[in-house]
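I have placed the structure first, in the form of structure tokens, so that the comments after it can refer back to it.
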Amino acid sequence: MADLLSATLPASTIVAAHSLDRLAYHLNFSCSQIVIFTHPSLWSIYGERLESQLSAIAPFTVLHIPEGEGSKSLVQAKRCWQHLARKRVDRNSLILALGGGVICDLAGFVASVYMRGIDAVYLPTSLLAMVDAAIGGKTGINLGKNKNVIGSFHLPKRVLIDPLFLRTLPRREYNAGFAEVIKYGMIAHPPLLDLLEQHWHRFEQKDEALLEEVIKQSCTIKQWFVDADFKDRGIRAQLNYGHTFGHAIESLTHYQYLHGEAVAIGMSYAAHLSLRMNLTDRATVQRQDEICKQIGLPLAAPPYPITRFIALMKSDKKASDGKINLILLEKIGKVIQVFQVNPSLIKQILLEHQIKISISK
């Protein structure tokens with residue numbers, strides 16, 4: 001993975017403070033109509049700044065999406081398509097996603113299917129969306145308890161990442177976004193972990209220069225995987241480190257955990273399972289856990305029915321023939337894909353973490 005250091009972001013992805021205020025400059029292409037997908041709370045903050053810029057580009061309407069993971073559903077997607085049809089949105093129109101991961105995932109999916117595909121532009125407002133959901137062209141909605149099982153690959157025409165959005169991001173959501181940054185450090189680029197360990201006090205203060213740097217590095221790492229394996233048939237699977245556990249936690253707890261929090265727990269479970277399978281050493285696992293704790297991310301979830309947990313893992317997108325396939329840890333900066341992991345080993349890790357929670361109470 002030596003060529004990771006030479007990876008670059010495409011020209012369509014812009015990471016720059018105040019890019020929100022240069023929207024018309026960055027959207028330098030024609031479109032017949034713009035439909036904005038966003039949450040009411042976000043529009044109340046940023047709507048006024050966007051209105052004059054957008055009206056100079058094309059007529060626009062705003063479609064308010066309810067907050068929460070529940071909006072990533074077929075019901076919500078159908079509502080969006082009906083809105084587009086009522087507004088006579090054509091193939092030269094544009095969907096603009098202003099929001100976090102839920103908005104980007106939903107808007108991208110709706111755009112990919114409507115009229116067999118129209119353009120989308122992402123303005124991610126959460127750290128997690130900036131470093132993950134907005135990058136790479138994956139779109140998706142949930143089907144019942146199964147996360148992201150309906151989706152498509154549909155690259156946005158532009159991704160405008162303005163770190164200044166993070167000024168208004170609640171602290172819990174802000175911290176949760178760093179789980180994906182930690183993931184990139186664990187699977188590919190250890191210097192990201194050094195940045196977090198040495199400068200967390202500056203990240204706590206939302207230092208804009210440092211945030212811009214860590215966002216650029218994170219996006220570049222993800223872009224490297226995307227360029228190498230766009231359709232997610234090989235090495236891109238490494239980006240799912242911690243996610244098979246994390247998705248099960250989200251489903252079992254009805255999304256009481258933010259995605260980043262669930263991923264942090266999932267990475268801890270995956271690391272301890274790697275240790276149990278003699279794939280990694282204790283110091284590596286401890287370092288990952290300590291960084292998560294420093295940021296305030298959880299390392300375990302409350303007790304839940306283990307049989308249901310295993311069943312959800314078996315229905316994960318990366319499973320095959322009902323067998324659990326996982327990305328596991330070898331060392332800092334290197335993971336491997338392990339096929340048909342023994343469920344009994346997973347049960348042991350889940351039980352150990354449940355015991356830790358019981359003792360800590």
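Cβ atoms here come from the backbone N, Cα and C positions, even for glycine.
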* Out of HIS199, HIS201, HIS243, which does TrEMBL tie to the same Zn(2+) site as GLU180, HIS259? -> HIS243
* Asked: In the structure shown, with every protein chain counted, which of the binding-site residues SER126, THR168 has the densest set of Cβ atoms within 10 angstroms of its Cβ?
  -> SER126
* **Residue from GLU180, HIS243, HIS259 whose C-alpha is spatially nearest that of CYS104 (NAD(+) binding site), among the binding-site residues** => HIS259
* Name, in the order they occur in the sequence, the residues of the same chain whose CB lies under 8 A from the CB of HIS259 (Zn(2+) binding site) and which sit 6 or more residues away. => GLU69, GLY101, LEU128, ALA176, ALA179, GLY246, GLU250
* Distance between THR168 (NAD(+) binding site) and GLU180 (Zn(2+) binding site) at the Cα atoms, whole Å? -> 20
* To do: Let me know the DSSP-derived helix, strand or coil state of GLU180 (Zn(2+) binding site), please.
  => helix
* **Residues near PHE165 (NAD(+) binding site) in space but at least six apart in sequence (CB under 8 A)** => LEU20, LEU123, PRO124, THR125, SER126, MET130
* Asked: Taking the centroid of the Cβ atoms of GLU180, HIS243, HIS259 (Zn(2+) site), which other same-chain residues have Cβ within 8 Å of it?
  -> LEU128, ASP132, ALA179, LYS183, GLY242, GLY246, GLY260, ALA262, VAL263, GLY266
